[in-house]
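What follows is a set of notes on a single structure, which appears directly below.
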Amino acid sequence: MDFFQYFFRYYWQLVYMICLMLYITMYILIYNFTGKTLQTVKYFLYPSCTAMLIAMTMAFATQTRNIDNTHSMALLCDGFCKYIGPTFCFYCYNLYTAFGIVVNLINLHTMYYRTLCLKYLDAKKVRLWTLVFMWHYLCPLIYLIVIITSPQRHLEVSMETLSLHPNFDYTPYLTFGGFSQAQKELLDKAAMSLSLISMYYPLIGTYWKHKAMKMLKSHMSPNTSDATRAMLQTLIKGLNFQILLPMLRYIPLTAIYFMIKYTGEQFLISQYTITVLGTIPCILDPLVQIYFIRDAIRKFLACNSSPVRRIYDSWASRMII
């Protein structure tokens, strides 16, 4: 085993334990500190936290090392999935990819909902357009269905990998497979789509952030408390930061993808980075949510404890409830 194999074997155990503690903390905060007045928040926080937990669990289950071949891409898995077989590892890897996209969509969906709450006074119209956004979730679902239902040829992938990279130590990975030639073509198209998504998420998220901040300044009552103003602005900025987090994954992955295509060579460290880079948002995202949930709830409850302020803050509080 080389240095990277030893390093990432311990890396995954440490990172997964940290993430588990963060997600447990998130569930406790959501359950105990978001009551009836903050009911709508749960509709976004629970799915977001669950999707992150699933994505991180699938990443831990695979602990994938990606080998880019001429006609295929091998998945050398060092997680517990390797004891079940290459087909199970293949499913876990694609679930990790799909739920990683879902997390990003939920964050974008949350920002969209906040903007709608400021734009429309009619709650029915807000719910309608919030539901319309849900067609975005068809994208990871279609990707998952297409890639999983396509023919799997793990033996061919394994044979090509062994012939092209005979010097690698394959003993820790047991029996492995990966994406066949047809699946690799789909994967290449998906990589191109991710490069476009890496621009779409921050652009549309930043647009909605500026739109929401502008409406906050123009619509908010002069009698609205300073705490409510600060809380709403901080909440929107926090959501925008969450939307930008995936760029920590997509930009390096896109750069690595084009570098491999241009040079025709894959550096050793790049074989480990595809799955590892996905763990960065999984760690930072719950940290951001934990911070802003506690801060937003504390300020919201402080504002609503005053009967004088409550009347003037009712419009602004729609951003949360």
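Backbone N, Cα and C define each Cβ position, glycine as well.
Pulled from Swiss-Prot:
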type	residues	note
TRANSMEM	14-34	transmembrane segment
TRANSMEM	41-61	transmembrane segment
TRANSMEM	83-103	transmembrane segment
TRANSMEM	128-148	transmembrane segment
TRANSMEM	190-208	transmembrane segment
TRANSMEM	240-260	transmembrane segment
TRANSMEM	273-293	transmembrane segment
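Packing against the transmembrane segment (128-148) from elsewhere in the chain are residues 90-91, 94-95, 97-99, 101-102, 105, 108-109, 112-113, 116, 120, 183, 186-187, 190: each is 6 or more residues past its ends and has a CB under 8 Å from a CB in it. The stretch in 14-34, 41-61, 240-260 that contributes the largest number of Cβ pairs under 8 Å to the transmembrane segment (83-103) is 41-61. Non-local neighbours of the transmembrane segment (273-293) in the same chain are 8, 11, 15, 18-19, 22-23, 25-26, 29-30, 33-34, 41, 45, 48-49, 52, 55-56, 59, 62-64, 66, 93, 96, 100, 103-104, 107, 234-235, 238, 241-242, 245-246, 248-249, 252-253, 256; each lies 6+ residues outside the stretch with a CB under 8 Å from one of its CB atoms.
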